[in-house]
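Asker: Below you will find the structure I want to go over with you.
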């Protein structure tokens, strides 16, 4: 009647190759090469990435402190009120 799912149509002049899911490995060299590579890349880029984040954090905390201080009332203005 029809073709099975995955082979629904046939396209001329197109060659496709596939690997069986049983022959694939989900995480090849994940622990032996992947994690050390992440550590190496992090070590190489930390001096380029960290300073802007530190600067942003300092500006952000300073801004929050200034905002909180600007919302408080100044007691010196109300010393002579009765």
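In case you wondered, yes, glycine gets a Cβ from its N, Cα and C as well.
This is the feature table in Swiss-Prot:
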MOD_RES   16  phosphoserine
MOD_RES   33  N6-acetyllysine
MOD_RES   33  N6-succinyllysine
TOPO_DOM  1-39  topological domain 'Mitochondrial matrix'
TOPO_DOM  69-82  topological domain 'Mitochondrial intermembrane'
TRANSMEM  40-68  transmembrane segment
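Burial and contacts for the listed features, if you can.
Answerer: Using a 10 Å radius centred on the Cβ of residue 16 (phosphoserine) and all shown protein chains, the other Cβ atoms total 5.
In the three-state DSSP scheme, residue 33 (N6-acetyllysine) is classed as helix. In sequence order, no residues are near residue 33 (N6-acetyllysine), counting only same-chain partners six or more apart with C-beta under 8 A.
Through the fold, the transmembrane segment (40-68) approaches none of its own chain's residues that are at least 6 residues removed from its boundaries at a Cβ separation under 8 Å.
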